[in-house]
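A.B. asks: Take a look at the following structure, please.
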Amino acid sequence: MEGAGRDGNPLGGYRIGKTLGIGSFGKVKIAEHILTGHKVAIKILNRRKIKSMEMEEKVKREIKILRLFMHPHIIRLYEVIDTPADIYVVMEYVKSGELFDYIVEKGRLQEEEARRFFQQIISGVEYCHRNMVVHRDLKPENLLLDSKCNVKIADFGLSNVMRDGHFLKTSCGSPNYAAPEVISGKLYAGPEVDVWSCGVILYALLCGTLPFDDENIPNLFKKIKGGIYTLPSHLSPLARDLIPRMLVVDPMKRITIREIREHQWFTVGLPRYLAVPPPDTAQQVKKLDDETLNDVINMGFDKNQLIESLHKRLQNEATVAYYLLLDNRLRTTSGYLGAEFHESMESSLAQVTPAETPNSATDHRQHGHMESPGFGLRHHFAADRKWALGLQSRAHPREIITEVLKALQELNVCWKKIGHYNMKCRWSPSFPSHESMMHNNHGFGAESAIIETDDSEKSTHTVKFEIQLYKTRDEKYLLDLQRVSGPQLLFLDLCSAFLTQLRVL
C-alpha cells in the first residue's frame with residue numbers, strides 16, 4: 001500500500017507521539033501529519049496477534065470497507081500502511097474521550113442534549129446499514145466525542161470482525177448492550193441488533209443508568225432475553241414511547257431506523273444536515289473542494305494526478321493530505337458536512353448523468369466495498385434497502401442446514417460447527433472423500449465433521465470459508481458464504497458447485 005514516507009520509513013509522513021491506548025491487536029498512538037500539521041490517531045495492528053486469533057483476512061476486509069466511509073459522525077480512516085510486522089491504520093483523532101465517560105461524569109442528560117447525541121448516532125448507524133455494514137457492538141465506549149462534543153462512531157467494521165455465534169467468546173466488552181438474539185445465538189440479519197443497542201444507549205443518555213444490569217451474568221441474560229427493565233417517571237411521554245419500541249425482544253417487531261427517524265421525539269430540532277442521509281461515497285467523491293485542491297497543489301502535487309486519484313479513491317500522500325485538510329475545513333467553517341456543503345453537493349449531483357452512476361459503484365466494489373445494489377438511490381433510507389446478500393429461502397432453518405450439509409458432503413468439504421447456524425469449512429479439490437466422516441442425519445451433532453490436518457497438508461489449493469444462516473425481516477432465511485483464506489477463483493468454483501447441489505434454495 002502507498003503511504004510510506006519518502007525516506008522509506010513506513011510512518012515517515014508522520015511525527016509519532018504518545019500512546020493513547022492499548023487494544024487486543026496493538027497500540028493506538030497520536031501523531032502529526034507532517035504535510036498538513038493536523039493530528040491523527042494511528043492504530044497499530046500486530047500481524048502476529050491478528051494471525052494467532054485467525055482474524056487477519058477479516059481485519060483486512062473490514063478495513064477496506066471502512067476506508068470508503070465518508071460520514072460526519074463516523075471516525076474517518078485516512079490511510080492504511082502495510083508492513084511485514086504490522087498494519088498501521090491512520091484515523092481521525094478526537095480528543096474529548098468516550099461518551100461513556102461523559103455520561104459517568106454528568107449523569108443523566110437533559111433531553112435536548114441526549115437527543116442531539118442520539119440524532120448523530122442514528123445518522124452514522126443508518127449510513128453504515130445503507131452500505132451493508134453492521135456494527136454489532138455499539139456502546140458508549142465505542143462512541144467518541146470531538147472538541148465540539150460531536151459524536152464519532154469508532155471501530156465501525158473493525159469491531160465487526162467477530163465471528164457470528166462467537167459474540168460472548170470474542171467480545172471483551174460487556175453484554176449489557178447486546179440484543180437478545182445475539183446472546184441467545186439465534187438467527188439475525190444484522191440491522192435489528194444495532195437498533196437494540198441504540199435503544200440501550202438512549203436509555204443510558206436519558207437515565208444515567210443501564211436498562212439491563214446485574215452482577216450475575218445468568219440473571220443479566222434473563223433480563224435481556226425477557227426485556228425486563230423499568231422506565232423512570234422523569235422521562236417525557238415521547239421518550240417513554242420510543243425506548244420500548246427499540247427494546248422489543250422480537251427483532252422482527254422492533255422499530256426500524258427509518259421509523260426512528262420519523263418518530264416525534266427524534267425529529268425535534270433535527271439539524272438540516274442530518275435531515276436526510278448523506279450521499280453515497282461514490283457520489284461524494286464527484287464533488288471536489290476547489291480551495292482544498294489548491295492547498296494540496298501548493299504542496300507540490302500535480303493537479304491532474306490529484307483529481308484522478310480522488311475520483312478513483314486511490315490512497316497516496318496527496319489524497320491523504322486532501323482529506324485531512326478538507327475535514328478540518330468543514331469542522332472549522334460550515335460544521336460537519338453542513339447544510340451549505342449538502343446544497344452544493346445536491347446541485348453538483350443533479351448534473352451527473354445516469355450512465356455515470358453504475359460505473360462509480362463498480363469502481364468502489366473493486367476497491368473492496370461489499371457488493372450491493374442501489375448505490376445511486378440517494379433518497380432511500382436504510383429500511384428501503386433490501387439486504388440481499390447470499391441465498392434466500394423460505395424453508396425451515398433445519399431443512400436448509402440439512403441440505404447444506406448434504407451439499408458439503410457431496411463436495412468433500414470438511415466443516416466444524418462454531419455457532420447454532422454457523423460453521424467454518426475447508427475444501428481442497430485434492431482431498432479424498434470424507435463421506436465416512438459425515439453424520440448420517442446431516443444435522444449438527446455434538447461433534448463436527450472436520451478433519452484436523454497438520455500444517456504439511458495445507459496448501460495454496462485449499463479454501464477456508466464460513467457459512468452463516470440469517471433470518472430476514474420478511475420471514476425468509478438467508479445463507480451467506482464468506483471466504484476466509486485461499487484462492488478467490490477456487491472459492492468461486494466451489495460456490496458454483498455448491499449452488500448446483502442445493503435443493504431448497
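Placed from the backbone N, Cα and C atoms, the Cβ positions cover glycine too.
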A.B. asks: According to Swiss-Prot, LEU20, GLY21, ILE22, GLY23, SER24, PHE25, GLY26, LYS27, VAL28 bind ATP; identify which of LYS39, LYS43 is listed for that same site.
C.D. replies: LYS43
A.B. asks: Give the range, chosen from 347-372, 451-476, that Swiss-Prot lists as region 'Disordered'.
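C.D. replies: So the range that Swiss-Prot calls region 'Disordered' is 347-372.
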A.B. asks: Within a 10 Å radius of its Cβ, which of these binding-site residues (LEU20, ILE22, VAL28) has the fewest neighbouring Cβ atoms?
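C.D. replies: Minimum Cβ neighbour count within 10 Å, taken over the binding-site residues LEU20, ILE22, VAL28, occurs at ILE22.
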A.B. asks: Rounded to the nearest Å, what's the C-alpha distance separating VAL28 (ATP binding site) and ASP137 (active site, proton acceptor)? Just drop the number here, would you?
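C.D. replies: Checking the Cα atoms of VAL28 (ATP binding site) and ASP137 (active site, proton acceptor) gives a distance of 19 Å.
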A.B. asks: Given the ATP site residues LEU20, GLY21, ILE22, GLY23, SER24, PHE25, GLY26, LYS27, VAL28, LYS43, which other residues of that chain have a Cβ within 8 Å of the mean position of their Cβ atoms, reported in sequence order?
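C.D. replies: Checked against the 8 Å cutoff, the neighbours are ILE44.
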A.B. asks: For LEU20 (ATP binding site), what is the secondary structure state per DSSP, taken as helix, strand or coil?
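C.D. replies: Assignment for LEU20 (ATP binding site) reads strand.
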A.B. asks: Using DSSP and three states only, what is GLY26 (ATP binding site)?
C.D. replies: coil
